[in-house]
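Enquirer: Can you keep this structure in mind? I'll have questions shortly.
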Number of protein chains: 2
Amino acid sequence: MTRLPPLSDLSLSGPSLAALDARDPLAHKRAEFDLPADVVYLDGNSLGALPRHVPARLAQVATQEWGQHLIGSWTRGAQAAQDWMALPDRVAAKLAPLIGAQPQEVAVGDSTSVNTFKALAAALRLSGRRVILSDADNFPTDLYVAQGLARLLGDVEVRTAPAHAITDHLTDDVGALLLTEVDYRTGRRLDMRAVTAAAHAHGIVTVWDLAHSAGAFAVDLGGAGADFAIGCGYKFLNGGPGAPAFLYVAGRHLDRAEVVLSGWMGHADPFEMARQYAPAPGARRFVVGTPQVLSLSALDAALDVFGDVDLAALREKSLSLTDTFIRLMEPLTRQHPLELVTPLAHAERGSQVSYRHPDARRVMARLTGRGVIGDFRTPDILRFGFTPLYLSHEDVGRAVAGIEAVLNEQTGERA
Amino acid sequence: MTRLPPLSDLSLSGPSLAALDARDPLAHKRAEFDLPADVVYLDGNSLGALPRHVPARLAQVATQEWGQHLIGSWTRGAQAAQDWMALPDRVAAKLAPLIGAQPQEVAVGDSTSVNTFKALAAALRLSGRRVILSDADNFPTDLYVAQGLARLLGDVEVRTAPAHAITDHLTDDVGALLLTEVDYRTGRRLDMRAVTAAAHAHGIVTVWDLAHSAGAFAVDLGGAGADFAIGCGYKFLNGGPGAPAFLYVAGRHLDRAEVVLSGWMGHADPFEMARQYAPAPGARRFVVGTPQVLSLSALDAALDVFGDVDLAALREKSLSLTDTFIRLMEPLTRQHPLELVTPLAHAERGSQVSYRHPDARRVMARLTGRGVIGDFRTPDILRFGFTPLYLSHEDVGRAVAGIEAVLNEQTGERA
């Protein structure tokens, strides 16, 4: 793999960006995505772009598997593991290497919110305690799910603390720690291994939300000693709008991880139609009802994009893109009320860069109008996501030029 | 609408079947489905057939809405209610008239199992009691979900009784009654109105599973006084494999029906990103995480098939098809060890007919090989579903001829 030169070696003029792109070992992946020609898409951390081959797969599933083979598709091709029954397992097997998991530790299906509920409930039961601790600024649905579980159980407390000080709040009464590895607003990445170890020292079971991690860089759940994790298929995994989510449970917990959302698709023998629930042996038990096959097939196809991707190169390119963006934006932060909120240290950065701006909502609306698509996050965040599979350094240059034009336009209006 | 003649007026030869079909006011609907030419599909109660226009809609959602408009599709067209954010509500509005509901009483998304969990939890909380009563022969996932909720809560009992005697078990300690209106094995239809009234007399909150009802005949949840209902989109609603499911909550409960699976898509203001959950005003609160848009769009398109369907004609044709099937099968029940387990009384019948046969698994495998597709249900049930939208009386005749051939073949082998 070609190493990208360190950013400090470069003058960041147009030709230099082109030079960086010329040495990009992932440059060929762009052609696997269908993106409008006139946009720079910096919102793949909200909805990943369309892999070109996905519509054909969807058409095949609809017209052939559903239309022609009908009910038979649930079991057809089972010996070659091509049946719909095993589709969640096939997707899990493709996803596992991206997150440092074994296939039998991963269940695919439902939404991230529903999987958070399953994981939190199982984590609390493993801990035998009644306190859920989370980041006060966690993505709201994580907090809502914790609040819902607490309402249901009655005697469970949801406690929050700032993510940067979370280790100060790891006490022996906390049962489950629910954290998002990369903050959806700031892009700050937590040290999963260190936080997990600190939690374990207090007997706390961890639930990591990988919404902004999976597919953005190599996640090593096994190496970090994580207990549970959840994440979504539609951001850096490019699985399509609302793509099925995933749940990870460490192999060491499989004999005791309890399923509270127990449905027939997670039963040890779904077609036995037994009256009593008996969990499937692996993480499959966390698959609940009948999977949404069309959406799941799109995710299955989308994951093939990662088949030939070196995850070290992916991370290296991600950092090169975000470094480049930060460097090119630097002069603008001196001329405009822009405050970088994403850490400069690589170890603390995901694959996004965010700035505060007092008029962020309007700035982003104008940027989008110019074809530079990021997003606004309340109250004052301009968020830019960088998907290494389909973005170039030249895209970064174009984005910054667009941002500069919009900011100057607004300054001109105020003057 | 042309009335079909009563079955007793007909001799059931080929021409008579053709005559029935000639007077079928729904005959034109068959052309809206894409079915293999060489099969008689009697398994639409397991996976409904493909409406012809669905693949084009899927392609449009994938290549245009996802591929070209990207993240913008979540809010694009909001004023015309064409945004993805409102897609669950649009589907709910199409579904509502099929089940006797108001649009704001219906939430669409997740699987039937997950919706059963939400509805059961909410029903128990409304009742203030700790016993769930269900049919001992209910579809297993309903029982598994009840068992999972009971495991989670610790002090909840799951009690079962035979469906035909369920009213004898309605006691004042029962909180939630979970019943499937049409039994998945026998096709027996319960009297939803009478059972609901009997349950209410004991202060019991009802949860009706409409898996084998919705789309098969007009369901009148409002008229029956039902409290909650759930059902799936992939059987008689033809929404595609694992299509999103639905949840109904009676309008009178909306101010108190609690969401325990609380996610950001059911929040009163999803983009406010508030730290505290606040439920959306209607049943929308039961939408949890980000919906699987591809699968949901397929269901949305599939429901358009019902746009011009008179639900009274649908039921009349369903009964004509099942009556015809039962009548044509009658001679076979005298020659072979076939036992009809579906009630003859129309009021007690769904849109399927089932027989016990000691060698049912092998009979169904052979039938499928001949292109007559029904299904086997453990331990000894031959199940045949009749979707009035795409089946004709001549199909019924062909199916019976196939069954006769297979049964005679097996008799010959044993001789």
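Cβ from N, Cα, C; glycine included.
Note that TrEMBL annotation is computational and uncurated.
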Enquirer: Considering the pyridoxal 5'-phosphate binding residues B:Thr112, B:Ser113, B:Phe139, B:Pro140, B:Thr141, B:Asp142, B:Thr180, B:Asp209, B:His212, B:Tyr234, B:Trp264 given in TrEMBL, which of B:Thr63, B:Thr75, B:Thr290, B:Thr322 is annotated for that site as well?
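Expert: According to TrEMBL, the candidate sharing the pyridoxal 5'-phosphate site with B:Thr112, B:Ser113, B:Phe139, B:Pro140, B:Thr141, B:Asp142, B:Thr180, B:Asp209, B:His212, B:Tyr234, B:Trp264 is B:Thr290.
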Enquirer: Which three-state DSSP class does B:His212 (pyridoxal 5'-phosphate binding site) fall into?
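Expert: It is coil.
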Enquirer: From the recorded positions B:Thr141, B:Thr180, B:His212, B:Lys235, keep only those with a C-beta under 8 angstroms from any C-beta in chain A, and list them in sequence order.
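Expert: It is B:Thr141, listed by sequence.
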Enquirer: Give me the CA-CA distance between B:Trp264 (pyridoxal 5'-phosphate binding site) and B:Lys235 (N6-(pyridoxal phosphate)lysine), in Å, as a whole number.
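Expert: Cα-Cα distance, B:Trp264 (pyridoxal 5'-phosphate binding site) to B:Lys235 (N6-(pyridoxal phosphate)lysine): 29 Å.
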Enquirer: Within a 10 Å radius around the Cβ, which one of these binding-site residues has the most neighbouring Cβ atoms: B:Phe139, B:Trp264?
Expert: B:Trp264
Enquirer: Including all protein chains shown, what's the count of other C-beta atoms within 10 A of the C-beta of B:Thr112 (pyridoxal 5'-phosphate binding site)?
Expert: 31
Enquirer: Which number gives the other C-beta atoms within 10 angstroms of the C-beta of B:Lys235 (N6-(pyridoxal phosphate)lysine), all protein chains shown included?
Expert: 27
Enquirer: Going by DSSP, is B:Phe139 (pyridoxal 5'-phosphate binding site) part of a helix, a strand, or coil?
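Expert: It is coil.
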